[in-house]
Every structure is written in C-alpha cells, then in structure tokens.
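The structure under discussion appears below in the form of structure tokens.
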C-alpha cells in the first residue's frame with residue numbers, strides 16, 4: 001500500500017507498522033484449532049461438529065449430548081496487550097482539520113458568490129463525493145453537506161434519469177444508477193422505472209461493445225442499485241440479472257486491478273451481507289490503488305487520509321472495548337462451560353462493523369453481550385441440558401429473582417446470574433437515554449424467547465417433527481433476533497416510547513421479517529450439522545414433511561426464494577417514510593440483520609469461526625491501516 005504523508009504526524013514510526021506486527025512480532029493473535037474431525041473426549045465424531053456424549057461434571061453421572069464446537073480461538077493475553085497510538089489527541093486533532101478541509105471541498109461545488117460550478121459534471125461530482133464518504137465510513141461528519149448535495153441532484157432528476165451535469169443533453173447509466181441508489185437510500189422518492197430508459201424494446205440493457213472501464217463502472221453501479229430493491233420491482237430484478245452476468249464476464253477479461261478487486265468485493269458482499277467497516281477497509285484499498293476513479297484529485301487525497309485516520313482512531317476505541325468485554329466474559333464464569341461456543345470476540349467485531357460511530361459504545365458492547373448469552377443458551381437448550389433441567393431453568397428465569405439459582409444445577413447457576421445481571425445492567429444503561437425503566441417490557445421478550453426454546457427442546461426430546469408453519473412461527477422467536485437487538489437499540493440516542501418501539505420490535509412487520517430472515521438463513525447453513533447432533537427439526541426437514549417427494553434441493557430453493565423476498569421487504573421497511581421511527585434506531589436494527597447475514601454467507605460462521613469470520617476480525621479489528 002502506498003505511503004501517504006500526513007505531516008507532521010508521518011514521522012512517527014508506528015504509522016508504518018501494522019497493529020499485529022507491532023505488538024506481537026512472532027506470536028499469532030489466535031490459536032490453531034485442530035480439525036473438527038479429530039477424536040475428542042474419547043468419542044469419534046464426523047467432520048461437521050457432530051454429536052458426542054459427555055457428562056456435565058465428573059460426578060453427576062448424566063449422559064449428555066454436546067455439539068463438538070471448537071473453542072475460543074483468540075489469545076487472551078494478546079487481546080489484553082493490544083495497544084495503538086491512534087488514541088492520542090494529536091491524531092484526533094489532525095482528523096478534525098481534515099474534516100474541515102473536506103467540508104470546504106463540498107462547499108467548493110458552489111462559487112464564492114453563490115453561483116453554481118460548471119454544468120459539465122456537477123451532478124456526478126456530488127454523487128461521487130457522497131458515495132465516497134459513505135463507503136469510506138466517514139459520512140457522519142458531513143450530514144448537512146450530503147443533504148445539500150443530494151437536494152441539488154434531486155432538483156435535476158428526470159423520469160429518464162440524469163447525465164453527468166445539469167445541462168447534459170444525454171442521460172447516462174452511470175450517473176442515473178448511482179443517483180438512483182444514493183437518493184433512494186436517503187429517502188428521496190425515485191422510481192426504478194428510470195432504469196427502463198437504458199433498456200431496448202426486448203427489455204435488455206443496452207451497453208456499447210468492448211467493455212471499457214467506464215462502461216464496467218456504469219454496470220457496477222447498476223448492480224449496486226439493483227440490490228436496493230423493493231417488492232414487486234421487476235426492472236430491478238432484470239437489472240440485477242443483467243449486471244450480475246455482465247460483471248462475471250468482465251472479470252474473466254479484465255486484468256487484476258483495483259477495478260477487478262472492487263467488482264469482486266461488491267459481488268461477494270452486495271448490500272445485505274456488507275458491513276460498513278469492512279466496506280471502508282476495502283474501499284480505502286480500492287481508492288488508493290486506482291486514482292483514475294477519482295473525479296476530484298484533491299478530494300481523493302483528503303478523503304483517503306481522513307478515512308485512514310478515522311479507521312485507526314476507531315481501532316483504538318475497539319481495542320479498549322474488546323478488553324473490557326474480555327474481562328466481563330472471564331469474570332462471568334462462562335468460560336467454565338466448555339461445551340458452549342464462546343464467540344465474544346466475533347460478536348463484538350460484528351457490532352463494531354455496523355455501529356461505527358464512536359459514541360455508540362453501549363450499543364456495541366450490549367449487542368456483543370446479548371449475542372454471546374443467547375449462543376450459550378442455545379447450546380444448553382439444544383444439546384447439553386436435560387428436559388427436566390430446562391424446565392427448571394425456564395421457570396426460574398420467568399420469576400426473575402436471583403434467589404432462584406438455589407434450585408438449579410451448578411452449571412446453570414452462573415448462566416442464570418449472567419443473564420439476570422446483564423439484562424438489568426442494560427436496562428440501567430437504556431434508562432439514561434429513554435428516561436424510563438424498560439425492564440418489564442424487556443422481560444416479556446425474554447419470556448417469549450425461553451418459551452420458544454422450551455418448545456424446541458420438547459420436540460427434540462419427543463422426536464417430534466412439526467409442520468413448516470408451526471416450526472417457522474416458533475423459530476422466529478427462538479432465532480433470538482428480538483432479544484439480541486432490543487436492549488442495544490434502547491441505548492442509542494433515539495427516543496423510543498413503547499408505541500414507537502413496537503414499530504421495529506414485536507409485533508411489528510419489521511421484527512417479524514428480521515426474525516424470519518435469521519431463522520430461514522440460519523437453517524440453510526446449519527441444518528446438516530444440527531441433524532448430526534440429533535436436532536431433526538429445521539426449515540428444510542419441515543418443508544420436506546409438508547411436501548412429500550420433495551428433495552433437500554427443492555426445500556433449499558424454496559427457502560432461498562423466501563429469503564430473497566424478505567430482503568426486499570426489509571429494504572422497504574427501512575426506507576419507507578410513512579412511519580415515526582427514528583432512522584438511527586431503524587438503521588441499526590436493519591444492520592443487525594446484515595451483520596448476522598454476513599456470518600452465514602458460506603457456512604455457519606458462529607460455530608465455525610476459524611475461517612472467514614477470523615479474517616473479518618483480523619481486517620476490521622486487529623489490523624490498522626498503513627500510511
């Protein structure tokens with residue numbers, strides 16, 4: 001990566017080292033995990049986290065099922081030793097000066113006397129800089145400037161699209177596709193019918209032969225636009241099909257370059273599996289390698305420098321929050337539950353990849369804690385606990401009294417107390433922003449969640465396979481989307497009285513869609529491993545029960561189609577303007593579905609966290625950007 005001078009700070013040698021190499025030159029931050037097909041605890045298992053039998057403790061004599069999950073892969077000493085100079089005031093001061101300079105670049109699109117700049121490419125200039133600051137993860141500093149720029153573009157928006165400039169005679173695909181995407185994401189009323197201007201009489205998108213770089217970028221922006229589709233938008237489906245095919249063909253012909261890297265990233269992560277911090281990391285690399293993509297050379301340099309500084313400054317905050325989370329985890333006694341998945345580092349990484357504003361610390365930590373708790377609870381209810389123990393635990397948690405632990409098995413006592421104390425802690429945190437005690441509201445969500453888990457535990461115990469609808473309705477609740485999301489959302493600086501909160505929480509359409517999405521997508525990635533552990537019920541098996549003669553492939557095709565439809569409905573729920581839900585809360589709730597979807601791109605990234613998930617942690621949490 002090229003060096004970028006940020007004098008006077010560039011003299012510091014720390015700027016030229018990655019975080020990993022500067023802290024532990026020879027010791028990796030993670031442990032090497034043996035192949036999951038190894039023999040463990042004296043039992044032979046299959047390569048996909050199969051069922052194994054063990055006792056809860058040497059003296060309880062109870063035979064139990066366990067999911068043979070790999071242990072926490074991250075080295076505690078390494079995490080506690082993390083350190084970076086980017087928390088020092090000098091870096092923040094430099095970033096603040098750069099923010100002022102970038103604002104001047106926004107404002108320079110108007111002349112000093114208020115007249116407009118050249119009409120040659122004034123629309124595309126505005127779209128480019130707005131798109132760039134958003135992809136670089138620094139848009140929060142330029143809210144007013146972004147609004148002014150997009151108001152200007154919208155003023156010249158026509159039914160057949162726009163050209164590069166306000167006086168352009170001919171509309172072009174690049175400006176129109178990028179404009180449509182950006183305006184829609186910011187709540188402007190724009191119709192996808194505008195894309196029909198670039199189709200022929202047969203509905204095929206028209207492109208000039210040769211696949212020039214400019215044309216490829218146009219189709220790339222068409223692809224990005226097509227992913228922000230609402231239900232029933234046929235032209236968006238056609239745009240996605242065309243652009244997907246076109247870009248795949250282009251990748252076979254163009255050389256390896258920053259453009260090909262950008263195409264691969266966009267096609268791999270799209271919209272609904274993309275994460276703001278991961279995109280910032282990738283787009284910094286892309287812009288640095290390909291200055292030809294800069295419409296404004298001065299702006300490009302300033303944006304890159306600011307984005308790198310912001311990435312590394314936030315990294316210093318991530319380290320402190322992760323170190324706090326590690327202490328919470330160790331003090332909770334949860335590490336003693338060796339049968340459970342311990343993924344606190346991974347969950348914090350997800351939280352910090354979507355909540356990239358430094359002031360949302362309570363959200364990041366709350367989400368990481370909630371996700372870790374529901375993962376441990378999932379392992380207790382699905383595999384380790386006996387039906388009698390689970391009934392005891394469910395009854396005790398509903399009474400919400402710490403004295404209830406006296407009636408529980410030893411291994412459940414610490415779990416009960418961590419749930420009890422963490423929910424109460426987040427209730428106090430939420431009271432700071434909401435001005436009221438939300439515990440009773442939150443407890444109802446947890447009670448429904450435990451009831452759904454208890455129902456599934458009975459299915460496993462009785463060998464019962466429900467019909468698809470019964471399984472799906474219960475599975476929405478047991479997906480844990482609601483309990484993982486509710487309290488973190490309440491810590492945001494967004495006023496959410498109960499009547500507004502119910503617009504994104506239960507029983508809202510938004511919550512139903514998000515919970516359904518997580519259940520369906522999770523099952524398509526986990527059903528084989530779950531079946532090997534003795535959990536027969538899944539969306540796949542229940543669909544096949546409802547449809548005798550159908551195959552697993554039939555079931556997967558049906559469920560994948562449901563998932564694609566849900567994503568479009570979630571897009572609509574996020575961007576529709578006729579509700580009174582603060583966008584801050586709605587966007588974070590939406591981004592949680594993106595974060596969880598990201599872990600399911602290739603496999604169950606919760607359970608198998610030593611592959612793609614490890615790469616995400618390294619790139620967005622443990623490695624800083626080089627200058």
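For all residues, glycine too, the Cβ spot is worked out from N, Cα and C.
Residues or ranges marked as transit peptide in Swiss-Prot (evidence: sequence analysis): 1-52.
According to Swiss-Prot, the Mg(2+) 2 binding site annotation covers 378, 382, on the basis of similarity to another entry. In sequence order, 453, 480 make up the list of same-chain residues 6 or more apart from residue 378 (Mg(2+) 2 binding site) whose Cβ falls under 8 Å from its Cβ.
Look at Swiss-Prot and you will find 378, 382 tagged as Mg(2+) 1 binding site, backed by similarity to another entry.
Here the motif 'DDXXD motif' (378-382) has Cβ contacts under 8 Å with residues 66-67, 69, 337, 339-341, 390, 393, 412, 415, 453-454, 456-457, 460, 480, 530, 533, 535 of the same chain, all six or more residues outside its ends. Annotation source Swiss-Prot lists motif 'DDXXD motif' at 378-382.
Look at Swiss-Prot and you will find 530 tagged as Mg(2+) 3 binding site, backed by similarity to another entry. The secondary structure of residue 530 (Mg(2+) 3 binding site), as reduced to three states from DSSP, is helical.
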Within the motif 'DDXXD motif' (378-382) only, compute the mean pLDDT. 92
Any idea which of the binding-site residues 382, 530 has the thinnest Cβ neighbourhood at 10 Å? 382
Please report the DSSP secondary structure of residue 382 (Mg(2+) 2 binding site), reduced to three states. helix
How many whole Å apart are the CA atoms of residue 530 (Mg(2+) 3 binding site) and residue 382 (Mg(2+) 2 binding site)? 9
